[in-house]
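Colleague: The structure that follows is given in the form of structure tokens.
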Amino acid sequence: MSLRPPPSLSPDAPAAPLIDLTRLKACLGPAAGRFDVDALDHCDSTNLELARRPQAPSGTVVVADAQSAGRGRRGRTWVSPPGAGLTFSLLWRFNGPAGRPERLSGLSLAVGLAVAQALESLGIAGVRLKWPNDILLQSTDAPLAKLGGILVETSLERSGAAAIIGIGLNLEAPPDPGQPVAALADACRAAGTAPPDRHTVLAAVLSELAQVLDTFARDGFAALRPAWEARHAYQQQRVCLTGEHSRQEGCCLGVDDSGALLIETGAGTERHLVGDLSLRPAVASRNGPRLILDAGNSRLKWGLRDHGHWLAYGAWPWAEAAGALAALLRQHPGIDTALGCRVAGDAQIAPLQALLDAAAIPLCWLQPSAQAHGVRNSYQHPERLGADRWAALIGAWHREQRACLVVCAGTATTVDVLQAGDGEGIFAGGMILPGYALMRRALGQGTAQLPGEGGQFTPLPRLTEDAIATGCLSAQAGAIERMARQLPAGSPVLLAGGDADRLAPLLGHLPAVLAHGLVLDGLAHIAETSPPARPDSALALP
Ligand SMILES: Nc1ncnc2c1ncn2[C@@H]1O[C@H](COP(=O)(O)OP(=O)(O)O)[C@@H](O)[C@H]1O
Ligand SMILES: CC(C)(COP(=O)(O)O)[C@@H](O)C(=O)NCCC(=O)O
């Protein structure tokens, strides 16, 4: 192994990298001769750093304490704060036929196997592999969670191919990962052993890589396939494979000699090559609690539903939602499915989806339809009705079984007429207006002199703040009163949403009932009355 000199130790010099090359060489032992290691305290991405060194010999390694632009598949970010992770990339050349594209298709699987075997050699049990490039950890007291990832980038060369093999492993759990993660330190603590030092881990992985990549170059992935399948997280399990425009369920038979994933669909065995596909188990045991989500414009409301009861529920502003959901998933490792309604944008939803994917919790979003769960939807385009309104209407019908007015006082206020038909509820129509807070903000932002907050409802306001609070609240109450005229006198007015409490006192002459959990209740009813085998099918149809 050739050593780069350490940076000079002047007061202004950057901190020495956490990897000490002399110590690494000692850990590598005889394998040291196969690698040329460069240790950095930080870089953008170790894969990019290697790509900028096209003349580097095979066996060049760049290891960095921190990456500012670590990447995963499809350009996803790999979180690697200083010290918590071990992130490095290896350049490896495959000469002659071993470098042909069809021979390299199983490379990221071979690398995963090498990492798993290296960790096992250090006494870490429960390492599992997820096709095509994730390293998971199955510990006794936590769900299957991601321990590391692999990003392989290959390029053709005159004499074969060059592969840049990037590997990220969590030594310690990152402070705010945004998704459930596993860390080597936690696994060791749970097993009562001391966590291995980063030099030991890096040396073990590199040594194992040298052996596995030799076998791969000589005999192809076929020679490694049994060992990979023995560690496969979803071998012989029902899985769901999703792409941008596709979704397939079936039994995962494992992989073939080229590393393609094999799924038995009932209509035959489908073969999937590594691409933009995500794999997760399709199994919904229906034994654990269900996560119910109402993804609104201001907040994420959630509840944990178990055998007809709420175990816990709450609401998080979007800025806190991903971190709070990650913590909730850690606290409740048994959650088996999730059902939600969403009107929030993709930027809010993507981190939730990633968290649930990582925890292998299938998530279905409610799709409004023309008729479902005892309610008929008279909207001209039923599918365009807000999913939260649809869930609230279903919750209201399930609760009242009679005509009622359904008010959701959130970012927007919706006032929906639910009539009683022949044994079914009929959503006859409804209105949308800015919610109380949005009205106030609009006045504050759209005028030079009006304050955006403060004041209270006063029958005859004589202060600007009171005049605004009273005007905006009266607009809400007036809309409700007008719509209530569409229903038989005495029909209940159900009030849900973050501003329901403010409105209730203003509707004294109407039979107003606070029903904060109407959307979550509706979703829970839907989840509990959907056919068990296919949780999503009853939600999207008809
Ligand atoms: N703790 C809170 N955080 C944010 N908004 C709150 C809170 N308590 C009450 N509100 C009010 O509730 C509204 C959001 O209600 P919510 O039903 O969660 O809306 P959405 O479904 O649009 O996310 C806000 O506009 C605000 O006026
Ligand atoms: C009207 C809404 C914005 C209310 O959303 P919220 O205030 O609950 O976040 C939402 O239901 C929505 O985007 N609806 C789609 C349009 C419609 O219902 O006609």
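Glycine too: its Cβ is placed from the backbone N, Cα and C atoms.
Straight from TrEMBL, here's the annotation block:
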- 34-217: domain 'BPL/LPL catalytic' (DOMAIN)
- 59-78: region 'Disordered' (REGION)
- Asp294, Ala295, Gly296, Asn297, Ser298, Arg299, Leu300, Lys301, Thr411: ATP binding site (BINDING)
- Tyr379, Gly386, Ala387, Asp388, Arg389, Thr464: substrate binding site (BINDING)
- Asp388: active site, proton acceptor (ACT_SITE)
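Situate these features within the shown structure.
Modeller: Thr411 (ATP binding site) falls outside any helix or strand according to DSSP and counts as coil. The Cβ neighbour count for Thr411 (ATP binding site), using a 10 Å radius and every protein chain shown, is 19.
Sequence-distant contacts (6 or more apart, same chain, Cβ under 8 Å) of Asp388 (substrate binding site) comprise Asp294, Gly296, Cys341, Val343, Cys408, Gly410, Val519.
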Colleague: What is the interatomic distance between the Cα atoms of Leu300 (ATP binding site) and Ala387 (substrate binding site), given in whole Å?
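Modeller: Distance between the two Cα atoms comes out at 14 Å.
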Colleague: Counting only residues 6+ away in sequence within the same chain, which have a CB under 8 Å from the CB of Ala387 (substrate binding site)?
Modeller: Cys341, Arg342, Val343, Trp365, Leu366, Gln367, Pro368
Colleague: By a simple count of other Cβ atoms within 10 Å, which of Gly296, Gly386, the binding-site residues in the record, is least packed?
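Modeller: Each of the binding-site residues Gly296, Gly386 was scored by Cβ atoms within 10 Å; lowest is Gly386.
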Colleague: Go through the binding-site residues Gly296, Leu300, Tyr379, Ala387, Arg389, Thr464 and pull out the ones with a Cβ less than 6 angstroms from some atom of ligand 1.
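Modeller: Result: Gly296.
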Colleague: Counting across all protein chains present, how many other Cβ atoms fall within 10 Å of the Cβ of Ser298 (ATP binding site)?
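Modeller: Here the count is 17.
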Colleague: Applying a 10 Å Cβ distance cut-off over all chains shown, what neighbour count does Leu300 (ATP binding site) have?
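Modeller: By my count, 24.
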Colleague: With an 8 Å cut-off on Cβ-Cβ distance and a minimum sequence separation of at least 6, pull the same-chain contacts of Arg389 (substrate binding site), or say none.
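Modeller: Once residues fewer than 6 apart are set aside, Arg389 (substrate binding site) is near Pro368, Val406, Cys408, Thr414, Asp416, Gly430.
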Colleague: As a check: which entries in Asp294, Leu300, Tyr379, Arg389, Thr464, the binding-site residues, place their Cβ less than 6 Å from an atom of ligand 2?
Modeller: Arg389
